[in-house]
């Protein structure tokens, strides 16, 4: 224990300190590199009291001062008047994220006028003020002092004046903390306040108390805490576990599909290959681990146990492993089931199911995906890394004006619209009500004259551009310009040419080394086709199906069975379009429509084969197919399609049009490529860097790490030949032009500025750099390279702007395409992520040791591709495991040169630009061959390694781990001998070694074969095992066995010998004359094998260590037991010896019955229902004269046994779910009641056959409280209503809740969203942002049901909602103000009558507005605080009428009552005559 220095010493020190340093204050200034992470200012209704305006986020008067370490302060310049206030902190003068705190405002109460200091910490988002919190002064901040200081680099041990382990209160809760990386070891420490011992606290928070011990078992990060109120001191260090604790540490669980240590090999695997899956847990945390996987092909779920394979080198983690292999192609979905005592955890994929690091949950959540593909799957070598060019034929080039106007009609008898001006915009009937519209209002009937001859004329242009594959949109006869509505599959459309033109184009392309892919549309035809003939235009040919139906007999048409026409003449049209009648399915497949299958697939000249080999001339045929709406045609059809084209051109491309994960269609029996829209969307999300709806998908900004995760997700799911042949597009005929996505549209006055174009072009160039450097087949949509712009269909199909091209952009594309073509490494080199942080993404490609990723021979080459979407910066890229030091690179774009030094390469990247670094030719990048005969010999305190010399090796590197397959650490380098002795080992631990060979240039070979070693003390003897006496059976009466072990140098020290393993073995010998029938179960074979349990150290016995273990015998009769010990992880065992000290000795004892010999009463086991992937058992309770101990569950594959015990449950449990079953397999079960004396009574036997049963999936959703009464729907990839927002209407179950039950097959990978009947009313995120599709895997959670509980945050059509008052509300004259109450999205800028304020965390806001008499108009405006988004910007006007006050009439005064006077009599006058008059009243 540390002893305090004497007072005299301290006084002497202080005198010297004062004399030397005098008046120098002790300062704890922030580091120079600690710059403010943001501008923070306090805003609230106090601002007007200091000469500002309330809630002014743009104020420069309340900007907080940055103090370092994330801390900010602001003190009011004057005293605030007494009263109540509200405030919060705004960042960067914006309400983005809703301010800090995000939930509501903070209150401030002042009893008297006061100056107030506000405190904020950026790192913890904590806010407070001086009325609630008083910090410890800087000079008195607590600090850690002790033997730990030097270990963590915090000054000299036990010297507070040198301690840099300063603790800070990051959350303003009077708890100060400090975090450090602490090496393994034993330490003692205390906490002092300030740089002296004047005030210090030790164990239990006692002032001047004892030192605090800290025993750290492995290198780890530890946070130290000090409570300034209680003075308690603690850490967050969790010492290693020693056994089950009914708890699983979720934060320590890990499975990373992108890390070969956790999943090897990476990515999709071939049939017959073995994949190794591993999961990490806190050491000693798990009692068992299993993997549960669903097989998409067999439709079964299987559980396989995992085995513990070792621990991490620092002892912090343990690892469990399972190996799987499949001899058939399939797609596997897996998760882990982890148990520790009574606790069960599940570990599956992350919420987005992108692979990589997963997530632990209490219930089954998301599955990881594993693709198993046919080992024979391949693509043509010319396809891997080729550059594709997609052409929409009518819009590319007019090479033959004579065929421009050969059509009289388009669809039916609609007219054809021919353009005279090549540079016209396509007719867009959406614009028919706009001024200047000149079209005819008919969709897809306008033509420009582009044709096959035009493509032929431009082949040299394409060759010069670097194109090696052309993909043609449909060219067969059709009434429309897009030609996805085929009229005749056997003919080239007359506006495009004829068969001879086609053959010439194919031959000319092939002569230039260019392959051609055709577009096949086999889900539907045109209603105006020779096959359907809705309009009766082809009556001179064979009768069309529709005309035959009209004649009352559809079978009269040779095409009659292709379509299903209902009695009323209706039929299924693709996505509801009656112009596109769908080919029907029989028994789930179009292939079962024989005449259709023969026409497309089976006949010698079937369409699938003919156009690859027209008239027997392969050179005059195309080279493969792109296949439209591939997922809307039965897979069986495509399997036969593949077999057919393989007879003409083996492995010819079959490119599927699929917009999501296509892995299930890429297993090897059909498609071998896909239109990679996943790639497109990820690249756009990264580069565009803002939310944008392109008509197909809403893009949301992501950083480089998320980009890498999404790209790696594709890489790991697709078979390797497919991944290197995917059609990596940025745009197509179905998407908005990429230049317009990036912000430029020449025909839109809001997007056609030079500034917009410059920015869009920079973004496009950046995307092209990524596209041309990445594995796959990059695809250019015609004209993109020339600056073509255009919005949604049909605007994305403008004519190629010949003569008006963007020459600079064309030259750039030519350059970047040819960089790819000239460097094989960019085509078939391997792929490794090198840097993914913020705005910068970098990946590497390699051909080393003379082999590419497919094992083909090519010269060595290395490439590094870097893209930067942000500001200019210097990027340090770690190349330690990628390429050796000294390799020189040249940027093929800029010409700059770079060299790898000290394991990194530093690349300067300008804003919105990139680099393609190619290693200079002539450098030696071929490493020596790997060592194959490494050997290890274990000794006491050392491991001896040896191997044979390798050609060209000048030295060797030694690597060490504790588990096979990874976690290697280099422990020695530049070893020049072919032997090595490792003495830095701990006896009793397992080590794994591998060695690499290094040549004179520094090229390092692959790892050698792995060898295990177990250095250990030698065990000399084990014995002194006690004799167990006759034992009475009982659940609470265990047998205790003791034994001793001696190992020189290990057990002769005080305490337990390190890493010694001790185990007790026991087994049942026989009844020994006892009546054991009460303990037995009929049909269960008595286990007479040894059972081994761990023993624990209980103390020293001289030079020996003493161990003890317990077990509970459950049968009367004779039992045998023995103890064994191992000092080398169980590689060798020493058993307890007899009296001679040499012979292994097992001892026996007798177990006799207790006084309770009465078995439990019988129990009834119910017949289980049929469930998928599980059997649920239920039984009646059993009783006993003493007590029931529990129930044992037994299982067999035969009714007569043998039965095997699979579980034991407590006496209060009357059910059990067995998930270790296979659908379709028969199982038998019995349940046995066991009492406290192990008397047993068995139930009846039941038979169960789990099988695939549709699962009732119950979707419950909670919607915002302002949701209108128009209902809620669930839309997704349901087969019966594919992404239909008005289908699947839910039932209202509460004020804000809806529910629906759908029947789905187990294993279904469902994606869905909630809407209110329309995509205009789809759900949104809490910030109003677009959210990703929700995803679930359908599983049986019990009783063939699954419950999904979701919450909708917001709706697209309601960015703001006003609860009250309603528009045109009338209030009485006495109401002089009214409260506006509403709800809006987080981070919104809300103003009411141009006055801004902040909404609460849940989006609710209230604002009181004054009312004048009469009509009051309140203007409410909301908009996002970041980029403008029209969808999130809305204005609402609320009219409130305040009644005028009622004007009361003045009352008529009442005279006082007086007696009326009596008039004197008067004579009656005689009036003079008067004219008539109207008396005015």
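Numbers run from 1 along the shown chain.
Yeah, the Cβs are placed from backbone N, Cα and C, and that goes for glycine too.
Taking Cβ-Cβ distances under 8 Å and a sequence gap of 6 or more within the same chain, the neighbours of residue 628 (active site, nucleophile) are 484, 519, 520, 521, 522, 523, 657. Marked as active site, nucleophile by Swiss-Prot: 628.
Under DSSP, residue 285 (Ca(2+) 1 binding site) is assigned to coil, being neither helix nor strand in the three-state scheme. Summarising the annotation, Swiss-Prot assigns Ca(2+) 1 binding site to 245, 247, 285, 340 and lists similarity to another entry as the type of evidence.
Here Swiss-Prot flags 398, 400, 403, 404, 449, 451 as Ca(2+) 2 binding site, drawing on similarity to another entry. Following the DSSP three-state reduction, the secondary structure of residue 403 (Ca(2+) 2 binding site) is helix. Here residue 403 (Ca(2+) 2 binding site) comes close to 451, 494, 495, 496, 497: these same-chain residues lie at least six apart in sequence, with C-beta atoms under 8 angstroms from its C-beta.
What Swiss-Prot lists as substrate binding site is 524, 626, 733, 734, 793, 797, and the listing cites similarity to another entry. Cβ neighbour count for residue 797 (substrate binding site) (all protein chains, 10 Å cutoff from its Cβ): 23.
Residues or ranges marked as compositional bias 'Basic and acidic residues' by Swiss-Prot: 1441-1451.
Residues annotated as compositional bias 'Pro residues' in Swiss-Prot: 1452-1474.
Taken from Swiss-Prot, the feature domain 'Fibronectin type-III 1' covers 927-1018.
Taken from Swiss-Prot, the feature domain 'Fibronectin type-III 2' covers 1159-1255, and the record attributes it to sequence analysis.
Feature annotation from Swiss-Prot assigns domain 'CBM20' to 1250-1357; the stated evidence is sequence analysis. Look at the domain 'CBM20' (1250-1357): DSSP puts its residues at 3 helix, 50 strand, 55 coil.
Look at Swiss-Prot and you will find 1441-1481 tagged as region 'Disordered'.
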> DSSP on residue 340 (Ca(2+) 1 binding site), three-state: which is it?
Replying inline: strand
> Of 247, 398, which of the binding-site residues has the most Cβ neighbours inside 10 Å?
Replying inline: 398
> So what pLDDT does the domain 'Fibronectin type-III 2' (1159-1255) average out to?
Replying inline: 94
>> Please list, in sequence order, the residues in the chain of residue 400 (Ca(2+) 2 binding site) that are at least six apart in sequence and whose C-beta is under 8 Å away from its C-beta.
In response: 451, 453, 454, 497, 501
> Say you check the Cα of residue 793 (substrate binding site) against those of the binding-site residues 245, 285, 340, 404, 449; which is nearest?
Replying inline: 449
>> Based on DSSP, tally up the residues of the domain 'Fibronectin type-III 1' (927-1018) by helix, strand and coil.
In response: 0 helix, 38 strand, 54 coil
> Hey, how far is residue 734 (substrate binding site) from residue 398 (Ca(2+) 2 binding site), Cα to Cα, in Å?
Replying inline: 22
> What does DSSP say about residue 734 (substrate binding site): helix, strand or coil?
Replying inline: coil
> Out of these binding-site residues, 524, 626, 733, which one has the fewest other C-beta atoms within 10 Å of its own C-beta?
Replying inline: 733
> Residues with Cβ closer than 8 Å to the Cβ of residue 245 (Ca(2+) 1 binding site), same chain and 6+ apart in sequence?
Replying inline: 340, 341
>> Through the lens of DSSP with three states only, how would you label residue 524 (substrate binding site)?
In response: strand
